[in-house]
Amino acid sequence: MKNTDKRIGIISNRKRQSQEVYYLLKDKLRKNNFILNDKNPDIVISIGGDGMLLSAFHKYENQLDRVRFVGLHTGHLGFYTDYRDFELDKLIENLKLDTGAKVSYPVLNVKIHHGDGEVSVKRALNEATIKRSGRTMVADVVINQVHFERFRGDGISVSTPTGSTAYNKSLGGAVLHPTIEALQVAEVASLNNRVFRTLGSSIIVPKKDKIEVIPTWSDRHSLSIDNQHFLYNNLSKIEYQIDHHKIHFLATPSHTSFWNRVKDAFIGEVEE
Ligand code: NAD
């Protein structure tokens, strides 16, 4: 397949700056004979921030095996974005030179068991966070069929390696290199006193492990999957595992190293 035969889909947020970049990029891609196709793309370019890349992931989550993603940021460089808005020509040149190379990262599979026996499945790129609406969440945490602890507190977040720098980090979780195939469980404000006890620190489980969270009360719970939010009235169990599919990013010379991104985002330049 010639590079210009690759189908390119573009997804952008509604901000004026992003919309301007969207139309400019579309025009440049057409002039370079690329095929624009939002329905069955080989490459998806998201324009905006990390949030927009999360939206792009969810739009194409059923085509993960075929699609490669590229993030173009209209602000500062993000965690999922490799290009800035003034680098359109560089992006097009790299697309022309593309050999099909990709960088792949794990995705979280979330199986939601409802009280009526129904099961629904979702995927997360950053994390899935379960909370009980308005009340303390009480839930049993089971790891590989071992009852690990009874959790009491605001909620539990299970994150992917690439999600480890997002909500998980704010919860005191560790930053994981995205090539480590593992999931991280972080507590959201657990109750710890003489009566109630949880581990207190976050835990990192390997690829094959299964985490289950079984709420003792099946009433109203909220589940946040990346930037999407769901409410359930009758929840019996949530199972978390690494998904069989990965997310693929276009590997270009601009794919910034992970530790550079972490340094850029959280440390910056410190004066000696
Ligand atoms: P948003 O666009 O406001 O994103 C929040 C911030 O998280 C942005 O600065 C974004 O760049 C950053 N971010 C997103 N993914 C990241 C990643 N993998 N590593 C480092 N930073 C990342 O809000 P949104 O579009 O709704 O994004 C949803 C994400 O926001 C969630 O997946 C969650 O991880 C994060 N979040 C964080 C907190 C917190 O840190 N207290 C609270 C809620 C949600």
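Note that Cβ sites are derived from N, Cα and C of the backbone, with glycine treated the same way.
Site annotation (TrEMBL): NAD(+) is bound by Asp50, Gly51, Asn126, Glu127, Arg152, Asp154, Thr165, Ala166, Tyr167, Asn168, Lys169, Ser170, Gln228, and the candidate from Ala139, Ala182, Ala189 recorded at this site is Ala189.
Each residue contributes its Cα atom, and for Ala189 (NAD(+) binding site) and Asp50 (active site, proton acceptor) those atoms are 26 Å apart. Residues from the recorded positions list (Asp50, Thr165, Lys169, Ala189) with a C-beta closer than 6 Å to any atom of ligand 1: Asp50, Thr165. Recorded residues Arg152 (NAD(+) binding site) and Asp50 (active site, proton acceptor) have their alpha carbons 31 Å apart, per Cα-Cα distance.
Scoring each of the binding-site residues (Asn126, Thr165) by how many neighbouring Cβ atoms lie within 10 Å, the top position goes to Asn126.
Cα separation, Lys169 (NAD(+) binding site) to Asp50 (active site, proton acceptor), rounded: 15 Å.
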